[in-house]
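Let me begin by presenting the structure, written as structure tokens, before commenting on it.
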Amino acid sequence: MPEETKKLDLSGDGGVLKEILKEGTGADTPNSGCKVSLHYTGRLVDGTEFDSSVARNTPFEFELGKGHVIKAFDMGVATMKVGERCFLTCASNYAYGAAGSPPSIPPDSTLIFELEMLGWKGEDLSPNQDGSIERTILEQSDKKRTPSDGAFVKAHISGAFDSKVFEERDVEFDYGEGSASGIVEGLELALEKMNIGETSKIKIQSKYAFGNKGNEAFKIPPNSTIEYTVKLLDCGKGLEEWKLSDSERVAEAKVYKEKGTNYFKKENYELAIKMYTKCKNLLPSLKDNTSEEVKALKVATHSNIALSHQKSNNHFEAKQECNAVLELDESNVKALYRRGQCNLIINELEQALDDFQKVIQLEPSNKAAANHVVICKQKIKQNKDKEKKLYANMFAKLAANDKETDPPRETDVLDQCGEWSEEDAKREADLTLERDNIIMI
């Protein structure tokens, strides 16, 4: 069989020809977005070698289909299996074109690459690009619509752990609210990148799956990586906020406020906060819209977020939302009371006392605030008593140290230098007299 028949025309016009030297293993090939790892040696048609990862002993890695390499590379590598080796002949219009790549590659050069596929990883869809959510496309789609915030999503999902399927079902939910339908965060984040009709395999590390608790019902241990095969069946069009008038923004905000309240009643405080936050962000700025309705909605939304944070034991965040309410309405009793509760829990006792006293000034009959005033004063007194006791003990120890006797010292012969006893004086006088007599003789 002639050699030409062994070459595959990847471009359809003879511009990219592939000749397999060694078959790869398995049936999978990398898809757009995958990070591939391979070895290559590039030569001109006369055999001149211009570059080689083999010579550097360092595999070449790049994201497939993102335009980071010449067209022929993207086309050829996308057809390779793990372990496959091939020649890739690239016409200049699929390589470096009329410009070439001086000084190694002349203009209008046809290039021949010898490639060896080492492997690949799925496309990294994780927010921090740390590989914690990887997508491998199993079935491409030419439809371009993808889910966006608030749009309905319809999909078929199949979750597996340790090669065993733990759930398979059809799901429908509004994007951003997947957790209410049992959709793990990593899967929802991946769906946002998928096109209608696409089927993908999503590998999700524990922090975007079931975390350090695992899932007892699915028999998934803590800190486990799971895998979903998902097909996006349909999705709606998300809200285009920039097109909305102020009245439309208010109407949409009310929808999210109602959603937040429904989730709050179900004790799903995470989603309640998410919905209330969307409501808050949709509302027009008070600089541009001074209506009492908008102000009242902002006050109610911040207040509801604060209460949701309190229910979640996030008291610092709750305090910040109370502050936002009080910036809009400095006499808001609920915000003062809730901020007082937060300050009490985080041990800002003087601030808590001030908040509860302000509540009483506004509502003298507020028994709950009066009780908290008593509690604050008791805690402040307890803290002061502790401080007094601490300082008293400290000073007692210092005083005790001062009373300790100095350790005995060795006798210094010089201490008594110049001191004469009567006997010393008499002896010295006698010696002097003897000396004088000697001199006189």
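Glycine residues also receive a Cβ, built from the backbone N, Cα and C atoms like all the rest.
These features come from TrEMBL:
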DOMAIN    33-121  domain 'PPIase FKBP-type'
DOMAIN    150-236  domain 'PPIase FKBP-type'
REPEAT    253-286  repeat 'TPR'
REPEAT    333-366  repeat 'TPR'
Item to check | the domain 'PPIase FKBP-type' (150-236), counted residue by residue under DSSP: helix, strand, coil | outcome: 14 helix, 39 strand, 34 coil
Checklist entry - Going by DSSP, how much of the domain 'PPIase FKBP-type' (33-121) is helix, how much is strand and how much is coil, in residues? => result 17 helix, 38 strand, 34 coil
Checklist outcome for this item: For the repeat 'TPR' (253-286), the DSSP residue counts stand at 27 helix, 0 strand, 7 coil
